[in-house]
Amino acid sequence: MKEESEAGQGSEGVVGLEEPKKMTREDWRKKKELEEQRKLGNAPAEVDEEGKDINPHIPQYISSVPWYIDPSKRPTLKHQRPQEEKQKQYTAIGEWYKRGVQEKPVCTKYRKGACENCGAMTHKKKDCLERPRKVGAKFTGTGIAPDEHSQIQLSLDYDGKRDRWNGYDPEEHMRIVEEYAKVDLAKRTLKAQKLQEELASGKLMDQAEEREHNSEDEDEDKYADDIDMPGQNFDSKRRITVRNLRIREDIAKYLRNLDPNSAYYDPKTRAMRENPYANTGKIPEEVGYAGDNFVRYTGDTISMAQSQLFAWEAYDKGSDVHLQADPTKLELLHQSFKVKKEDFKDKQKESILEKYGGQEHLDAPPQELLLAQTEDYVEYSRHGAVIKGLEKAVARSKYEEDVLINNHTCIWGSYWKDGCWGYKCCHSMVKQSYCTGDAGKKTASNSCVPFEEGLEEEQAEEPKSLMEMHQEKMKEKKKKKKKNKKHKKQDSDSSDEEDEAKKKEKLKKALSAEEQRLKQVAELMQMDERKRPYNSLQEVKEPTEEEMEAFRMKRSRPDDPMASFLGQ
């Protein structure tokens, strides 16, 4: 019987390790189709033995269990995950060593195996933390210490070993809170008793006036941190200032004067250097904003810049001064320097006048007052604003300008003829040539013409006086008026019909051109953006009335209920 059972067990082991049967082609094809459908999401994903979906994109050699381990098992990912029996178990977050001693009755007799010094069962004499007794508890049998808690062995992970609050008891903090609450309650009761005593004695009325007098200062000090500056949020607890985008009462610089000819606004730097109210006749001091330059060159900004410049110059010459480090010393030095400089100028002027004379010329009024006129032409409006004159200086380029070479009095490019540039002073078309003056002009103007033709041209080109030219113009005007009077009577009826016909023809041409443009736009919109041609080189002209009418007629209107029937 034993042999038969052993043979049966051997046969069962062999059957359990049999290799899987080979699949037929039809089954293999069905399996592959199912895998493809699962990858595309058309078929539900395969489920493992734990009921979890298996990602169809995971390879088969990862998801399937080897046949030599257990061929009956379904595909699973359990063998790829961390095994629970192999994972190290750590102590929970709430577990910690127990403090104090056990809360049970203390023994009155010494027990065998206990500490010889204090009588506790949880430690030996060498580990005892009590004061060494002259006669231990083993011999006296009195003063037996209570047993400590039997401590557990903690197994902490990486974070648990480094946790500062590990083993913290929140009840300790609640004890502190309760203690402070009791102290606060005691203070309030004492204060209430004191007020009742003062009220009964009459001292409270005398102190009321003093308290009212000092209340304003106390309130200012108390709520000083809570005040918010305009344009910022200030948190007194965290000491953080958050700047808002802008104050809502501020007006944008470009909205102060909407005239396009007013001051220029630079959107990149958000700067408007000139006064936007310059042409309105308002005084800069009366306006809320008069440009960045007005702010930059008014007040103490100029004196600040001068003192900074003086500090740099003084430091270069050996004086140890600094604007931010020692401003008082710098200001005193600057003032003394100004006084000495003015005195030196006055002494120098006096010495020159004593030596050479000429004081009467300095006392004379300026030429503008003597002659009551200047050569500067300035034109003003009725408000006092400058219309002409005192114009802005022309901005110069980074290249050299007005550079005259080779005895030329004009620059290259000042003369143009027959598609070529040249010098105006000598009409020379050769760049960097030497100037020949009037001789060059004569040679350039002379051309090989027969003598007789030259005489005829000279006779025909005799200069006429202005009177003769005016009389010829008047004669031509009279002839034109007579011709127009004759033609007006004949063409008055037919002119209206011709104008209408011309307008219709122009409108037809504009409509055809608009249709071609719309077709071209549709083709461009269908093309790839990277293959579209550039439109920047096309000539841009002002549209005519016919072109505008054609655009209005062909324009698509989405709100039109008949747009779908018209194909728009």
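Glycine is treated like the rest: Cβ placed from N, Cα and C.
Just so it is clear, the model here is predicted, and its values are computed rather than measured.
Taking Cβ pairs closer than 8 Å, the compositional bias 'Basic and acidic residues' (18-39) reaches residues 45-46, 56-57, 67, 71 in its own chain, all 6 or more past its ends. Annotated compositional bias 'Basic and acidic residues' per TrEMBL: 18-39 (among others), in sequence order.
According to TrEMBL, the feature compositional bias 'Acidic residues' maps to 215-228.
Residues of the same chain that sit 6 or more residues outside the compositional bias 'Basic and acidic residues' (461-475) yet have a Cβ under 8 Å from a Cβ within it are not found. Taken from TrEMBL, the feature compositional bias 'Basic and acidic residues' covers 461-475 (among others).
If one looks beyond the compositional bias 'Basic and acidic residues' (511-520) by at least 6 residues along the same chain, the residues whose Cβ comes under 8 Å of a Cβ in the stretch are 547, 550-551, 553-554. Per TrEMBL, the feature compositional bias 'Basic and acidic residues' maps to 511-520 (among others).
Positions annotated as compositional bias 'Basic and acidic residues' by TrEMBL: 539-560 (among others).
Feature annotation from TrEMBL assigns domain 'Pre-mRNA-splicing factor SLU7' to 156-414.
Marked as region 'Disordered' by TrEMBL: 1-57 (among others).
The annotation region 'Disordered' is assigned in TrEMBL to 201-230 (among others).
TrEMBL lists 456-568 (among others) with the feature region 'Disordered'.
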Open item on the list: Looking at the domain 'Pre-mRNA-splicing factor SLU7' (156-414) alone, can you tell me the average pLDDT?
Closed with: 79
TODO: Could you put numbers on the helix, strand and coil content of the compositional bias 'Basic and acidic residues' (461-475), residue by residue per DSSP?
DONE: 10 helix, 0 strand, 5 coil
- [ ] Count the residues of the compositional bias 'Basic and acidic residues' (539-560) that DSSP assigns to helix (H, G, I), to strand (E, B) and to coil, and report the three numbers in that order.
- [x] 10 helix, 0 strand, 12 coil
